[in-house]
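Undergrad: Before I ask anything, here is the structure I am working with.
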Amino acid sequence: MSTFKAPKGTYDLTPPDSAIYLAVREAIAAPLKRSGYGYIETPGFEQVELFSRGVGESTDIVSKEMYTLTTRGGDELALRPEGTASVLRAALEANLHKAGNLPVKLWYSGSYYRYERPQAGRYRHFSQVGAEAIGTEDPALDAELIILAVDAYRSLGLKDFRLLLNSLGDKECRPAYREALQGFLRGLDLDEDTRRRIEINPLRVLDDKREAVQKQLVGAPMLRDHLCEACKAYHEEVRALLTAAGVAFVDDEKLVRGLDYYTRTTFEFVHGGLGSQSAVGGGGRYDGLSEMIGGPALPSVGWALGVDRTVLALKAEGIELDLPAATRVYAVPLGEEARKVVFGLVTELRRAGVATDFAFGGKGLKNAMKSANRSGARFALVAGERDLAEGVVQLKDLESGEQTGVALDAVVRELLAKQG
Ligand code: HAM
């Protein structure tokens, strides 16, 4: 071990487990790639103000959890705590919304940073795959995104997840509801912090996990009863489209989410095997965000799925992904002359598409065969001077133990054929 450790709240991805993370990212991205979403990558840091304006000054993410820094040049930057504000900023900067083809559909995959209290499933560095559809107000777009997330989870074999769905209303109906809720909340027996929250973001109080608070919330006005006709109709259509697609959901009128930009559709995917950090993904519509960060009106919707928690969910359900073996063939030369020929064969096999590794470091046969077994390879390709003089290599099936001589010029063909 070195003197150093991964910083608190972070962990390294190392083989073989790292392959699961790659596979999860690919599985989440696959439905997006076949649905018109283009790949976008943005910097790991942005101006602090993008997040304080976009995600919201009063949210935990901005007020308590951002990693901020001042550069030598005096710029105030923050490591990105989430992807939506960055992606929208980038889309506006590149004028993607002016190319005449709305919605602009984008997907991304990367690292995010939140200074949270670390616990199982909650880290200070974590990874998300996300999708944003920018510039169109259409319930079918909300439904599309939700269906694509469900398809991603299903393709991984996950079963024990639920979709929680809510509507947060819009700028027509939410202000009046906010006032009604504030009126109700001000009459309750709550601590200082919560009383402050009533004035800044009363909807967040509904989300308070403490039992003493939840008890008092019985009878609180619910947004569902205050939605304007347009929001109601919009929400009904999202629900109907999901039902038609065979996607089950739970109406959760208390689902608020921890970011301020949401309007109308909001949703969260929760998994039954994860304890308190049960949200494996979440998202919603953010019709006002573009204007909040200085852009034109661009109604948009998106989600981000947590890769770390999806991997935990797979473990909780005992799902082992069917990952291709990192190494198919392990090549073992016996002697200096054989080394050159076998190394050449390794390159040939790799170029032909056969995952091949080589016994580096001049290992003896016994050690090399141990390495072959540990590598997970199906075949060991062994050749000494005598084999090569006869123009063959020995191919050992490490599962059956069977060994056959194969002509040098047939090795690539033979192994490709065995790959199917
Ligand atoms: P979020 O709900 O903050 O939404 O994060 C999405 C997912 O990221 C969570 O459901 C969770 O799986 C994962 N996640 C968040 N924080 C942590 C953490 N500290 N440790 C491990 N996993 C974590 C957003 O970030 C929005 N940008 C989603 C969105 C996209 N809304 C519209 N478009």
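Cβ from N, Cα, C; glycine included.
Pulled from TrEMBL, these are the listed features:
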- Glu82, Gly83, Thr84, Arg114, Gln128, Glu132, Arg257, Tyr261, Tyr262: L-histidine binding site (BINDING)
- 1-324: domain 'Aminoacyl-transfer RNA synthetases class-II family profile' (DOMAIN)
Undergrad: Using DSSP with the three-state reduction, classify Gln128 (L-histidine binding site) as helix, strand or coil.
TA: strand
Undergrad: Based on the record's binding annotation for L-histidine (Glu82, Gly83, Thr84, Arg114, Gln128, Glu132, Arg257, Tyr261, Tyr262), what whole-number value in Å is the widest Cα to Cα distance?
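TA: The widest Cα-Cα gap among those binding residues is 21 Å.
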Undergrad: On a count of neighbouring CB atoms within 10 A, which of the binding-site residues Thr84, Gln128 is highest?
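TA: Result for the most crowded candidate: Thr84.
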Undergrad: Select one residue from Glu82, Tyr262: among these binding-site residues, choose the one with the most other Cβ atoms within 10 Å of its Cβ.
TA: Tyr262
Undergrad: Going by DSSP, is Arg257 (L-histidine binding site) part of a helix, a strand, or coil?
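TA: Once the DSSP labels are grouped into three classes, Arg257 (L-histidine binding site) ends up as coil.
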Undergrad: Name, in the order they occur in the sequence, the residues of the same chain whose CB lies under 8 A from the CB of Arg257 (L-histidine binding site) and which sit 6 or more residues away.
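TA: Spatial neighbours, sequence-distant, of Arg257 (L-histidine binding site): Asp207, Thr266, Glu268, Gly282, Gly284.
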